[in-house]
Amino acid sequence: MTTSHQPQDRYKAVWLIFFVLGLGTLLPWNFFITATQYFTSRLNTSQNISLVTNQSCESTEALADPSVSLPARSSLSAIFNNVMTLCAMLPLLIFTCLNSFLHQKVSQSLRILGSLLAILLVFLVTATLVKVQMDALSFFIITMIKIVLINSFGAILQASLFGLAGVLPANYTAPIMSGQGLAGFFTSVAMICAVASGSKLSESAFGYFITACAVVILAILCYLALPWMEFYRHYLQLNLAGPAEQETKLDLISEGEEPRGGREESGVPGPNSLPANRNQSIKAILKSIWVLALSVCFIFTVTIGLFPAVTAEVESSIAGTSPWKNCYFIPVACFLNFNVFDWLGRSLTAICMWPGQDSRWLPVLVACRVVFIPLLMLCNVKQHHYLPSLFKHDVWFITFMAAFAFSNGYLASLCMCFGPKKVKPAEAETAGNIMSFFLCLGLALGAVLSFLLRALV
């Protein structure tokens, strides 16, 4: 009876807003790690000035090789990637977990807007420091503090967005995943353009950081526009109501009447305003979504275990000494290839959601991704110690990477979409937060697994 009165998402405005928010969660951090060469170059120079260093094939290879002095590879530069991973993964896990328990006590608007503003501030400071000279140790410490802050607020932002999308129809988690996929594509293109242009490291890095600021500002504006969307308000009010009130709430909205609490409740509400029945047991929710939660965790464990630790070490077998081998093979065949097909996989869930949320095929397909571990490890990886190179030709690697990336994007997006729909509407936000935690757990486990897989090649 009431379904005919449900508002439509006019011009797909809410869908597009969540797409931009998804882009805003990942693009800043992707640009930050894309500028790793800029950070290590500043740590490698005694005066900490990288303003005159050009980005070239030679400098890219040198910075990737710990045995190369450039002019002298400092101890801070040598440990940069390991410490960066630690400073990124620990806050990501801790704050995603905290958000699962505290999201009802801290308002949603504070968590999302506060996180976006904090990330914006960090990137403004980062862009400013490109032009500031300082000693290597101070630069290293400040950079690690920024990494902790970006990932702490990024974890809160991502978990809160997945929780917010959980109160909408299932396919509204897809634009967040798709936006995150597009972030990877943008950074890959930016990396290739920077290498091709031979631009100074500082100029490329400054461009990355300013672009990140612009995207975060756009995400803030989009989030502020959400309360004006009737479609969004409709599902938010439905979620705020208890199960017995939902039918009445639908009728009130369809007749143009404001539910009790007026327009104020129609804004971007904080979980502290939710009724007591939202305080559901975490264990009960986990019992409903554990298969999907473990699935998304396993997906990202396999993905990060191989990409980029193993895949970025593959070299072209057909290019000889051409620029394709030395400059473009890894940026194109590895990073761009992965990000394009990952984005396509994530985006496909907007129009196709097979298999269904209760289908046994979903966890089976997730488990089948383990086959990519031997396939990619048997490609033409540099410095093989234990495994032969059975798939030497570039076509094998490019094909495996495309399937690897597409399955990652599609299956992960399905799991994230279905998780909040396996529970009651009042539990959807908590379920979304829990799914986000297991996603981050998969990233952390994958980072640990990557050391083992690389050592076994």
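Cβ coordinates are placed from backbone N, Cα and C, and glycine is handled just like the others.
Residues or ranges marked as topological domain 'Cytoplasmic' in Swiss-Prot: 1-12 (among others).
What Swiss-Prot lists as topological domain 'Extracellular' is 30-82 (among others).
Under the heading N-linked glycosylation site, Swiss-Prot lists ASN44 (among others).
For ASN48 (among others), the entry in Swiss-Prot reads N-linked glycosylation site.
The N-linked glycosylation site annotation in Swiss-Prot covers ASN54 (among others).
Taken from Swiss-Prot, the feature topological domain 'Cytoplasmic' applies to 108-111 (among others). Mapped onto DSSP helix, strand and coil, the topological domain 'Cytoplasmic' (108-111) counts 4 helix, 0 strand, 0 coil.
Look at Swiss-Prot and you will find 131-138 (among others) tagged as topological domain 'Extracellular', backed by sequence analysis. Mean model confidence of the topological domain 'Extracellular' (131-138) amounts to 92 (pLDDT, 0 to 100 scale).
Here the topological domain 'Cytoplasmic' (158-174) has Cβ contacts under 8 Å with residues 14-15, 18, 21-22, 25, 95-96, 99-100, 103, 108, 111-112, 115, 232, 235-236, 238-239, 346-347, 349-350, 353, 357, 413, 416-421, 425, 428-433, 435-437, 440 of the same chain, all six or more residues outside its ends. The topological domain 'Cytoplasmic' annotation in Swiss-Prot covers 158-174 (among others).
The topological domain 'Extracellular' annotation in Swiss-Prot covers 200-206 (among others) and is backed by sequence analysis.
Taken from Swiss-Prot, the feature topological domain 'Cytoplasmic' covers 228-291 (among others), and the record attributes it to sequence analysis.
The annotation phosphoserine is assigned in Swiss-Prot to SER254 (among others).
Per Swiss-Prot, compositional bias 'Basic and acidic residues' is recorded for 255-266.
Feature annotation from Swiss-Prot assigns phosphoserine to SER273 (among others).
For 312-323 (among others), the entry in Swiss-Prot reads topological domain 'Extracellular'. With DSSP states grouped into helix (H, G, I), strand (E, B) and coil, the topological domain 'Extracellular' (312-323) comes out at 3 helix, 1 strand, 8 coil.
Annotated topological domain 'Cytoplasmic' per Swiss-Prot: 344-360 (among others), in sequence order, evidence recorded as sequence analysis.
For the topological domain 'Extracellular' (380-394), the list of distant contacts is 310, 313-319, 329, 333, 400, 455-457: same-chain residues at least six beyond its ends, Cβ to Cβ under 8 Å. Residues annotated as topological domain 'Extracellular' in Swiss-Prot, with sequence analysis given as evidence: 380-394 (among others).
Listed in sequence order, LEU292, ALA293, SER295, VAL296, ILE299, LEU362, VAL366, MET435 are the same-chain residues at least 6 apart in sequence whose CB falls under 8 Å from the CB of CYS415 (site 'Essential for nucleobase transport'). Residues 57, 329-330, 333-335, 376, 379-383, 392-394, 397, 454, 457 of the same chain lie 6 or more positions beyond the ends of the topological domain 'Extracellular' (312-323) yet place their CB under 8 Å from a CB of it.
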